[in-house]
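According to TrEMBL, the features are:
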DOMAIN    A:19-437  domain 'DUF112'
TRANSMEM  A:18-38  transmembrane segment
TRANSMEM  A:45-68  transmembrane segment
TRANSMEM  A:112-139  transmembrane segment
TRANSMEM  A:145-161  transmembrane segment
TRANSMEM  A:168-186  transmembrane segment
TRANSMEM  A:257-280  transmembrane segment
TRANSMEM  A:317-340  transmembrane segment
TRANSMEM  A:360-380  transmembrane segment
TRANSMEM  A:409-425  transmembrane segment
TRANSMEM  A:468-485  transmembrane segment
Amino acid sequence: MDISPILDGFGVVLEPTNLLYCLIGVIIGMLIGVLPGLGPGATIAILLPITYGIGPVSAIIMLAGIFYGAQYGGTITSVLLRLPGEASSVVTVFDGFALAKQGKAGTALGIAAIGSFIGGTVSIIGLTLVAPVVAGFALDFGPPEYAALGILGVLLISSIGNGNKLKAIIAACVGLLIATVGRDTFTGAERFTFGSLNLAEGIDFIPIAMGLFGLSEILYNLEERHNQVHAPAKVGNVWPSRKDLGQASGAIGRGSLIGFVLGVLPGGGAVLSSLAAYALEKRRAKQPERFGKGAVEGVAAPETANNAAATSSFIPLLTLGIPANATMALMFGALLIQGIQPGPQLVTEHPDVFWGVINSMYIGNILLLIMSIPMVGVFVRILRVRPAIMAPITVLITLLGAYTVRNQVYDIFLVIAFGVLGYLMKKFGFEPGPLVLAFVLGSMIESSARQGLLIFGGDPTGFVTRPISGTIFALILAVAAWPLIRKALPRKTSVERVEEKIK
Amino acid sequence: MPTSRTAPRRILLGVVGAAAAVALTACGGVKTTSSGGGDGEYPTGNIEFSVGASAGGSTDLITRALAQGIGKELGVSTPVLNKPGANGALNAKELQSAKPDGYKIAVQNASLFTITPLTVSPAEATKIDSFDVITGISRDDYVMATSAQSGYKSIDDLKKAGKTIRYGTTGVGTGAQLASALTFKTAGIESTAVPFDGGAPNLTALLGNQVDVSTMQIGEAIENIKGGKLVPLAVFSKERIPFLPDVKTAKEQGYDVQVTQYRFLTAPKGTPENVKAKLLDAAKKTFATTEYKKFNEENSLTPMEVSPQEVLTSLQNDSATFKAQLDKYGINLAG
């Protein structure tokens, strides 16, 4: 393996500008991680247009910093207020807050920070080793493989996400439908454009993301007053004792692995891996009843896993150009704004972006470790800011930003329309994530499938006879059939229920 | 801590304020200055260049290089605005209805006027009559290439292969598609077009042997050609291209196919003569700088700094030739 591009990457990161953007990114990430409500997705969506003015490397370094920084910040409120700052820190609440009540808030935060650091670092090392290997295979990924991966991604995000599956599938279908708007790139036929030139090239990703993630969250949070805010628990010594560390070490190791693997999978990511890591620790524990009452592992495992996953989800994006989750879809958009096509050519054509971004994560994680242990008190105070101050400022930044991307007022209206749609979706229990990811993957699925058919001369069996796409399609079948299989399994034990159904 | 009630708010306001400031600076580049009311000699305010494509593409890079030079010559600032959409038609529609005062101009592509009208409805087609051409800028030629493993060296090799050739293009209604379709039809080679969304996916598919050949702009292929990963089969210009001196033209190989992309500076119809003369003069001075010449070379662009009349003649000839050739061979670009 040629390591000179990796070393050059460090050179890129250590440029003062990039270091500064890395710092800005992780600070913003910490901040929004601490503030309940506004998640990393919303923040990245809102800040997308700002990246237009800065170079591609700095921009992605900053956005990545926001993403993994939020994973650190989300812990703080989970532990101190019993209020997860981030969806991926929901499970941390159980044991984190219990520890805080026992006066061990510092221990919980310390363990979480150390776990996050280790999880993040393990995952970056994995990324450094795995990404070039995947990129080497990437040329074998032709249109049929992309079509298969896209379908798998939509299927996974709508079936394994948190929340109502049917609603997730509906949201994903709407996303697929929106992706069909615009001129058909194969025949030039107009689809759902209603004669408008604005719709001729389809609906742009950025206003959709800014509306559905950004504006809708702001609207929703304005309504959700956090009335029952507790006074933050007192933070004592944040350095965990040797005994606590020993107890958490196994959980940190397993959490790193789970996070890394689940982060790579399409539809996976930080939320899923934190849930999985927590469940695994509970199952493995000799006294599972300790969980929920202040088990150190219950904090260490999910916090380690969510950071590892946040990092490893960059692999499919940087090597294949496929966003694994909604936040990565935003990174995809950010690269496109910069005129960089994420895909197999990225590592050879833009090694500075590829390695610069990966290596910035080492630095970012060190910065975050410093910020989350000695400076934790500063971030706790931010919790006192009123939403009435935050909301109008963020709305202004969002709309202003939406305009600057293409300099068209039309885009502002799109953001507002999608903001309202996102707000209504949340009110009725739909997640916007599957919609956004399905939208991004939708056009990829359609064009890749059609390119594949053209390559095969119209013979669809080509999709299953090519080794890689065949394997992916087998996986798709397995995922689609899984609920049926799972349903069938326990029925065997309760024969009567099956008989009842037959009647 | 008794002071902590106000302190956090101040911190946060500071952060948000900084973010807002960043947002505002980001917009700093897009402020549009009014034309200055007509008194005083042109230009008295900013000259805005709009680009009908996103940042990073050839049209964008050329616009930025030219805008920088013209701004320096005329002593005003020249903000560049990207207005991508509908292959540049969106930007063209906006420009043609702008005030013809020389404060809003754009670099436009020939293909928008010569090839796109062949694939869209007549109402949607952009017409060159709605603009004043100020000067020609440069040519961006196409090359047909194959991967090194395929063993093909010329168009005749493709013919000898005796199978359906699958060719990648940079999209429907592009010069890349037109050039390939015409070549295969005149050579009598069975072929299927596989359109990709732009240059990068097209190149990736070719490198990965997903398609047999691809046609793309020279700047997109040249590094891989020099690196030996791609083998060029033909260029579609009238004469050989200095950047690839060993590559035969399609015409040399016996197939009369000439398709090239070129760009020119346009202003809304009815722009005053003295304004156009000023712009032309500034453009010419920019063309002469070593910096700009180096830019052309780095991006494999051939200078085509010709008069407006020559641009118009080229556009007319191309439109007529393409239409006749497509009719003759019964090719439908919209597939």
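Glycine residues also receive a Cβ, built from the backbone N, Cα and C atoms like all the rest.
All TrEMBL annotations are machine predictions without curation.
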Residues outside the transmembrane segment (A:18-38) whose C-beta sits under 8 Å from one of its C-beta atoms, at least 6 past its ends, are 12, 47, 54, 57-59, 61-77, 81, 83-86, 89, 217-218, 220-221, 224, 226, 356, 360, 363-364, 367-368, 371-372, 379-380, 382-383, 385, 387, 390, 394
- [ ] Please check if the transmembrane segment (A:168-186) comes into contact with the transmembrane segment (A:145-161), where contact means 3 or more CB pairs closer than 8 Å and the residues in each pair are separated by 6 or more positions.
- [x] yes
Sequence-distant residues near the transmembrane segment (A:360-380) by C-beta distance (under 8 Å, 6 or more away from its ends) are 13, 18-19, 22-23, 25-27, 29-31, 34, 61, 64-65, 68-69, 72-73, 75-76, 80, 109-110, 112-114, 116-117, 120-121, 124, 127, 232, 235, 238-239, 307, 311
Within the same chain, the residues 6 or more beyond the ends of the transmembrane segment (A:317-340) and with Cβ under 8 Å of it are 40-41, 44-45, 48-49, 51-52, 55-56, 59-60, 63-64, 67, 131, 134-135, 138, 141, 146, 149-150, 153, 157, 205-206, 209, 213, 263-269, 346-347, 350, 353-354, 357-358, 405, 432-434, 436-437, 440-441, 444
Outside the transmembrane segment (A:45-68), at least 6 residues beyond either end, the same-chain residues with a Cβ under 8 Å of its Cβ set are 12-13, 17-18, 21-26, 28-29, 32, 120, 206, 209-210, 212-214, 307, 310-311, 314, 327, 330-331, 333-335, 337-340, 350, 352-353, 356-357, 360-361, 364-365, 368, 394, 397-398, 400-405
Spatial neighbours of the transmembrane segment (A:112-139) not adjacent in sequence (6+ beyond its ends, CB under 8 Å) are 1, 6, 68, 71-72, 75, 79, 92, 96, 238, 240, 245, 248, 251-252, 255-257, 259-260, 263, 299-301, 303-312, 314-316, 318-320, 343-344, 346-347, 354, 358, 361-362, 365-366, 368-369, 372-373
Residues outside the transmembrane segment (A:257-280) whose C-beta sits under 8 Å from one of its C-beta atoms, at least 6 past its ends, are 71, 86-92, 94, 119, 122-123, 126, 149, 152-162, 251, 298, 301-313, 315-316, 322, 324-325, 327-328, 437
Averaging pLDDT over all residues of the domain 'DUF112' (A:19-437) gives 83
